[in-house]
Amino acid sequence: MISCSARRASLAVMAAGALALTACSGGGDDGDGTGSITFGNWQWLETGRGEAMWDAATAFEDAEPDIRLEKSETPFAQYADKLNTELGAGAGPDVFVVLDRQFATLAEAGLLEPLDDAVADADLNATNDNLNIDGEQLAVTWEQVSYALLGNANVLEEAGIEQMPTTVEELIAAGEQAEAAGFDGFAVRHQMNEYNGWAYDFPSWTYGYGGSWSDGENLTVDSAENIAGVSAYKEVFDAGIVPVGDDASTFRSKFKENQLAMIIDNSGTALSLTSDSQLTGQDLVSAPLPFPDPGAHQKLVLAVNANSDNKEAAKQFVSWAVSEEGQATLRPSLGASVLATDVPIDAEFAAANPWAETFVELGATNRSGLPAGFETEADPIMRAVLEQVERVITEDLDPAEAMRNAQAALEAD
Amino acid sequence: MSNGTVDGAPPEAASASKGARRPGARRRRPGELLGYVFIAPAVLYLAVFLLVPLVQGIAMSFTDTRLINPAGGEPVGFDNYAQALGADRFWNSLLATLLYTAATVAGTLALGTAAAVLVNRAFRGRALVRGLLTFPYAMPTVAVALVFAWMYNQSNGVFNRGLGVLGVGETGWLTDPNWGMASVVAATVWKVFPFVMLVVLAALQSVSAELYEAARIDGADALSTFRSVVVPHLAPTLRIVALLMTIWSIRRFEIIFLLTGGGPVEKTNTLVINVYRTAFSDQDLGLAAAIGALGLIVSLAVTCVFLLVERRESQREEAS
């Protein structure tokens, strides 16, 4: 039997615990628009440009001295999973950057704060249109990155490759030429342990042949265009010009160290590659994707946590970020990407980075890699597709059969 | 030590001296309450961090809970279980789990026991060799995975470089569906075998020198001595270690996830990896909980089989 004093002590401990929990809880206050706000973004950890991007973001503190930005860093591979878990639990950073694939599910779950007031004075461009859900602007474009074929000028010159390839056949020929000169020919993501990145990189191959994952109402994973894109991907791997097993960080490092001739990557990566002293803007050459049609783009959006304790301050940051001053400040660190407004690329940057022009041109023509009408199902769809693509390149599965398998699996679900 | 009576008196006498007590009522022994106090923290820990999440997880498996709205799940009955059991992915992941577990347990037991027998012998530098063999177990799993990923790298890894010197072509250690599982198992065995070695070494050191001496006098050679003296002595230890390795292998996550992420072509997509992907990539907590519950049943079944074997062996040894 528990004695009276023990019971009293237990009650005291429970009461103290309850008080502590109460003190720790947020209380749902929107804040008064001052204090500190946490800003979540995996890009803070990107070599070279991460620091420049953070410096640009914190210029906001000069405009709003009562608000302080605090960095919330998570590597890209874990970023989406961690942020989803945090936001689902009512926690997470006050303001954050997310991929559009993640935006769709967060918007549907009501976890994003409407920003209409915050962006009312901004001259937003069309990239923000699909971030307006049911009349509410739930996010704004942070950067929209295009995919292009990038070449290491030093390697290309040493391998005797004079022109960037414009077709898959030319890409294979150039890759073989680089291999013959002792370099790796060409690299792209191709493994499931890089699912989050691969799911964004791969659609450029199918979109490049006029494909898409849906027609707005039904899934079209097994369309002839998508099969053509997967076949092209297989041809490149079958040619033996890809360093199989290299993840993105490995092949990007090889590229920077003059060991790899070409990659297909996005404008954000292009900027990162030239952000330290290993490669200069002149060492990087760019060309449109070697496919008949434009590829897919990846959109990173800026949103405010609906459960933030300091929503007003977070919205003030968004307001600054899309203002003329904010866009001009952010532009250099975001390189050749399309931003929330039509702020032009800095002339000095363009001169130092001739590769940027290709991305600017591609920004006008490429399409969203998300399956229209199935945006919240993008992950299961891409997972089903990529599992089959992996079989195509490792088990020699016929691309048409692979895409039929993916379509059937998705329809069964 | 308590002798089971009050004040050392026989039970009947103690009972008689407390004639006022109700018949059948058991008197609490001194120190009994203290025992409960001692186990209370462990019980509380298990209840808070194991039992409550377990019950919540099982309850969640009957709902359509999504990751981004964990409190908003609606009951769906056995739908998640039907979906999981009806999908090839579940059966593939179950097969991958069983393969990975069997290969890892066999590999670690064989290598760990061999290493223990080796370092149990007296030779110069034994302490150094023991230290070196223990080293993998002390290394962080993430570091092991990254180092192995580099060694397995198809174009620049040390394994393929070695094969290249021998004139053998490149092998896709982590990208070829025929090699993915073997590569992950090899990395795991390297990381975990020192645990088996240490436990078996402790058991070996408890074998009486007189037994070896008796075997030698009886004319037994080294192999016969190992089979007739060492193995029976090690058997209970090996059974327990095998059980622990099995449970740990079924639930191992990080080294598999970091090396292959479940690929190539689902070959290393064990139940735990499948649960992670379903919960976080597909954001379907309800389905992930159902897969987890099915995995728990598998784990419990394997544990029960081990315990039955252990009990039967113990009874057989006591009888002999």
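Yeah, the Cβs are placed from backbone N, Cα and C, and that goes for glycine too.
Please treat TrEMBL annotations as automatic predictions, because they have not gone through curation.
Annotation source TrEMBL lists domain 'ABC transmembrane type-1' at B:94-306. The region 'Disordered' annotation in TrEMBL covers B:1-26. Positions annotated as transmembrane segment by TrEMBL: B:33-55, B:98-119, B:131-152, B:179-204, B:225-250, B:285-309.
Long-range neighbours of the transmembrane segment (B:98-119) within the same chain, counting only residues 6 or more positions beyond its ends whose Cβ lies under 8 Å from a Cβ of the stretch, are 126, 129-130, 133, 181-182, 184-186, 188-189, 192-201, 204, 226, 230, 234, 238, 241-242, 245-246, 249-250, 252, 256, 268, 270, 302. Listed as Cβ neighbours of the transmembrane segment (B:285-309) (distance under 8 Å, sequence separation of 6 or more from its ends, same chain) are residues 54, 57-58, 60-67, 70, 73, 76, 80-81, 83-85, 90, 93-94, 97, 101, 239, 242-243, 246-247, 250-251, 271-272, 274-276, 278-279. Nonlocal intrachain contacts for the transmembrane segment (B:179-204), taken as residues 6+ away from its ends with a CB within less than 8 angstroms of a stretch CB, comprise 96, 99-100, 103-104, 107-109, 111-113, 115-117, 119-120, 130, 133-137, 139, 141, 144-145, 148, 152, 171-173, 230, 233-234, 237-238, 241, 245, 248-249, 252, 255-256, 259-260, 263-265, 267-268.
Among residues of the same chain six or more beyond the transmembrane segment (B:131-152), those with a C-beta under 8 A of the stretch's C-beta atoms are 115, 119, 158-159, 173-174, 183, 187, 190-195, 197-198, 254-255, 258-259.
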